[in-house]
Amino acid sequence: MSDKNQLEQEVERLLTRQDNFYKSQATRSYAFRMKQLERLKMSIMHHEQAVIDALKIDLGKHETESMLMEIGIIYQTIRNMVKNLKKWSQPKRVGTPIFMWPGKSRILNDPYGKVLIISPFNYPFQLIMDPLVGAISAGNTAVVKPSELTPNVADVIETIITEAFDEEYVAVKTGDVEMNQALIAGDFDYIFFTGSTNVGKIIAKSASERLIPHTLELGGKSPAIIDTTVNVRNTARKIVWGKLINAGQTCIAPDYLLVHEDIKDELVMEMKHAINTYYGINISENDQYGRIVNSRHHKRLSQLIDEHQNQIIAGGAYDEGARFIEPTLVYLKGNEYKTSSLMKDEIFGPILPIITYETLDEAIDITRENPNPLALYIFSNDDINKDILITHIPSGDVSINNVLLHVANSNLPFGGLRNSGVGNYKGKFSIESFTHQRGLYESPNWFDMSIHRAPYKDSFTNIIRKFLK
């Protein structure tokens, strides 16, 4: 028997156990779900330092960054869910048309059942735990698959979940692409995937062939558009922070800048100053600056730097052995962006192309060279400019005069659009994502209105004309 068949049978056995547990109705209980959220939180707290250590080994993340962008977000997510779960998950009363009276109508949030969650390497803890909180809060069972590119974090995730849950409820599967393939082929009721657009398309095709509902959190080239009305220094500081956190390996990081030509030089000067302020002159020796996940991704980024040596205006150094890429600013003059390899795919690293524009129409046209971005960043104090950019550039989400922070607001949905994703989640939107909104109409048994049944009368036809138009 091949390894592939063994993995598929392993997954099948697990899903049989989870299906039996789900059909026991245990996961639907509000008390049960609240208890599981508390168990997850306690297990994370128990292994918090291990998560921090693993993130340092795998990605070079500083402890503060790990708490801010990985662990702290999950504590907040759990706290928000515990506070609001009863309100978000209870049936919703809706109106009933007069011709259906005295019946009542409700919308039920029915869990899907067995959920698969696959996460990427860049935020390997947060992007497993956040959707997991949504899945179990909605009443599902779950199988989670951490990224094989961050093995130390994957090991800690397995420890946390194994300590908190029985495998028939929440299970962890580790491994490489063969395990991913076995899981994707499994008989899940819902799939939640975070990762690249190319892999997302493969998962979408597999899920669609079997009519499995799914959410895809992908990526794309998220532009930051800066007009002349901004505070240049504040803008530069925010962009540098958002671009360089996690060494640029953030799906919603600003991927390129569209800067009005009148403020380009000032902005570049302030960005250089911000880089030095955050990380010092010898950035390679700063333990608060992250590292690229592996040598393959490092080689991809270093090749981009090599191809643009004549256009680099800051940075450009790299060290393969240390998986280090220096923060690098690249000025693409005139129409150079049309042929630059930096503008073909999501960069996913600390390299930032800068393109100038004269008019907003020109900036909008440049964004249309790529599919819909996951995030659109607008830096402007002009309300008309903001409205023009929002209405003319479709995107997953929009943030004005800041970057990244919108994802931390669980009152907002987070998700992409077409190439940057399908569906959304966070807070109450996670409950909606991981449940089927099931319509329910109930009519009293003691009442029977027969006017709408054959044989029809002219009087009923007149009623239809009067009330249903």
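Placed from the backbone N, Cα and C atoms, the Cβ positions cover glycine too.
Database features, via TrEMBL:
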- Glu217: active site (ACT_SITE)
- Cys251: active site (ACT_SITE)
- 10-437: domain 'Aldehyde dehydrogenase' (DOMAIN)
Which of the three DSSP-derived classes (helix, strand, coil) applies to Cys251 (active site)?
-> coil
List the same-chain residues at least 6 positions away in sequence whose Cβ sits under 8 Å from the Cβ of Glu217 (active site), in sequence order, or say none.
-> Leu127, Phe192, Phe193, Thr194, Gly195, Cys251, Phe414, Gly415, Gly416, Gly421, Gly423, Tyr425
Counting every protein chain shown, other Cβ atoms within 10 Å of the Cβ of Cys251 (active site) number 26
Going by DSSP, is Glu217 (active site) part of a helix, a strand, or coil?
-> strand
